[in-house]
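Report on the following structure.
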Amino acid sequence: MIKPIVKDILFLGQKSEEATKNDMVVIDDLIDTLRANLEHCVGLAANMIGVKKRILVFTVGNLIVPMINPVILKKEKPYETEESCLSLIGFRKTKRYETIEVTYLDRNFNKKKQVFNGFTAQIIQHEMDHFEGIII
């Protein structure tokens, strides 16, 4: 189900909790909401649709990839960039890493470990910041 994007900074500033199998419907809601916003958005964290759980989705080409309880294990090659967010107006400066290694659960709760580079790595870092209440 397509959900409205949360813009309440006080809500978005709160930390998210670990997701469980009971939160599976959130993945479908995130995917539906991202599809509805693809013109302006490449990723979403669950708190952006009002759910304080550690779930995110992002685009890779035509695919939408969900990540449950992701953790960055390694990060390399820091750089400065500017980002925008559906929850905010305009662009903000931030620090990101060119390469990250992430462990996460897929939508079937299978554990995965993967290396991401470039813009995909940037999207994942941005969405994971939401879990910590960090809004670029």
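Placement of Cβ uses the backbone N, Cα and C atoms for every residue, glycine included.
Record features (Swiss-Prot):
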ACT_SITE  Glu127  active site
BINDING   Cys85, His126, His130  Fe cation binding site
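The structure, with features from Swiss-Prot marked on it.
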{"residue": "Cys85", "record": "Fe cation binding site", "Cβ within 10 Å": "23"}
{"residue": "His126", "record": "Fe cation binding site", "Cβ within 10 Å": "23"}
{"residue": "Glu127", "record": "active site", "Cβ within 10 Å": "25"}
{"residue": "His130", "record": "Fe cation binding site", "Cβ within 10 Å": "25"}
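Other than Cys85, His126, His130, the residues of this chain whose Cβ falls within 8 Å of the Cβ centroid of the Fe cation site are, in sequence order, Gly43, Ala45, Met48, Glu83, Ser87, Glu127, Asp129, Ile134, Ile135, Ile136.
Counting only the Cα atoms, the space from the residue listed as 'active site' to Cys85 (Fe cation binding site) is about 10 angstrom. Secondary structure from DSSP puts His130 (Fe cation binding site) in a helix. DSSP classifies Cys85 (Fe cation binding site) as coil under the three-state reduction.
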